[in-house]
Amino acid sequence: MASDCRETLEIVAGSGLSLDDGSLQNSGSLPRTRSAASGSTAVLEPSSRMKPVSRPRPSTDRASTLNDEIPVPEATPKSQASDAPSDASPAAATRADRGVFADVIELTKPRIVTMILVTTVASALIAGSATLTLVDWFWLMIGTALIAGSAGAANQVWECQIDRNMPRTANRPVPGGRMSYAVAFGLTAASGIAGGAILWLGSGPIPASVGIATWLLYVLVYTPMKTRTAWNTTVGAIAGALPVFIGYTAAGGTLTELPGWMLFGVLACWQYPHFMAIAWLYRIQYAKAGFCMTTTVEPTGRHAAWQSILGSVALAICGVVLAWFPNGQWVASAASVLATVLILAASWPLLRASLNFRANPNDTTARKMLRWSLVVLPAVLLVMTLRASL
Ligand code: HEM
Ligand SMILES: CC(C)=CCC/C(C)=C/CC/C(C)=C/COP(=O)(O)OP(=O)(O)O
């Protein structure tokens, strides 16, 4: 897979050919060419048909930046901005303050952190919430949020240069020029150390060790892999699923229990439809920036669709196993049957969206798959939590 990736990226980055953004938008019939070297198929257009490079200002508006041309961000260093006489009013100061706070939050990838907290709560409840006091819950949430936020920030520091090449990420605090490396690095270190220490002291050495191992895997293994091989998604899926063991072990579970691994399985498998949708929607940006994703290696979307279908099926299987082994022991009861029906019903929309994407890989079916992924995960976790507590 690595050599395919390098080849595709070279083709895309080469001066003679470029990915045809327009034709990919509604990819019913894609113009394709076969690479002589490997036989792999890439979607290409001759340079004579290349569009002029537009240079929009970096934007976080996802709808407007999907597969856009690469922007050249105009960095506006803070010192320059604050020197401007027109910014001296109290109202401007308030705006600036809010901006700094918003940038600190954005550095941590808050939506991902929020969803990680949801998975942490579900796994702690499944392991046995009775063991946790309110104070325990508080430290578990704060420690997990801090260490997960530190991981997101470290990823943004590492990828600062390459993030400038994607409209989706060019306006992040560091590549956008609003936060210096030193500040971002300091925040990463401070929140990582604080998060690890809080988890250690508040939840115990095992949850803290899982948190630290997750941080290392995400930052030191997953992040550099993103430009090398499409297998990065598998490593990212492991990193994204490991936090369930923070919650699970904090609430008295161990690393060897079946319910914990079924939770891990749900999270790891869910990330395929979740990320394949994103990898499709941003495939042009990823390719141009030099990232190696399933959809840049195999641009028809077939591989991405199959990974999504298999991920959706596997996540439902993990949920159903928990329905019959709620505490690691076989329990056949009405609750097991009901939980099975509910898990299948809750996970079906994601499988349906994946099948639709397989039948017709385009931005509309991919966007539906992404939206369903964000609904189906909490729904499946809710059913698993209710089943385990019966
Ligand atoms: C292989 C693993 C994963 C990859 C590569 C990945 C990648 C991404 C990317 C690139 C986005 C931004 C999409 C955008 O800008 O529109 C995103 C959004 C998101 N991800 Fe993931 N993600 C992964 C795993 C996870 C995990 C483990 C969670 C939490 C449990 C998660 C939760 C979210 C949420 C909540 C959003 C926000 C969606 C939105 O803004 O509408 N992701 N993901
Ligand atoms: C407890 C702890 C340390 C948790 C951290 C785990 C964590 C942040 C998982 C996120 C999963 C993931 C691969 C996100 C995508 O990052 P990306 O780099 O592909 O996204 P980007 O392209 O938007 O930067």
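The backbone N, Cα and C atoms fix where each Cβ goes, and this holds for glycine too.
Nobody curates TrEMBL annotations by hand; they come from automatic prediction.
Taken from TrEMBL, the feature region 'Disordered' covers 12-93. Annotation source TrEMBL lists compositional bias 'Polar residues' at 23-41. Annotated compositional bias 'Low complexity' per TrEMBL: 81-93, in sequence order. Residues or ranges marked as transmembrane segment in TrEMBL: 112-131, 137-158, 179-200, 206-223, 235-255, 261-282, 303-325, 331-351, 372-389.
Through the fold, the transmembrane segment (331-351) approaches residues 270, 273, 309, 312-313, 315-316, 319-320, 322-325, 369, 372-373, 375-376, 379-380, 382-384, 386-387, 390 of its own chain, all at least 6 residues removed from its boundaries and within a Cβ separation under 8 Å.
By the Cβ criterion (under 8 Å, sequence separation of 6 or more), the transmembrane segment (206-223) is in contact with the transmembrane segment (137-158), since 3+ such pairs are found. Tallying C-beta pairs under 8 angstroms between the transmembrane segment (179-200) and each of 137-158, 235-255, 303-325, 372-389 places 137-158 first.
When each of 137-158, 261-282, 303-325 is checked for Cβ pairs under 8 Å to the transmembrane segment (372-389), 261-282 comes out on top.
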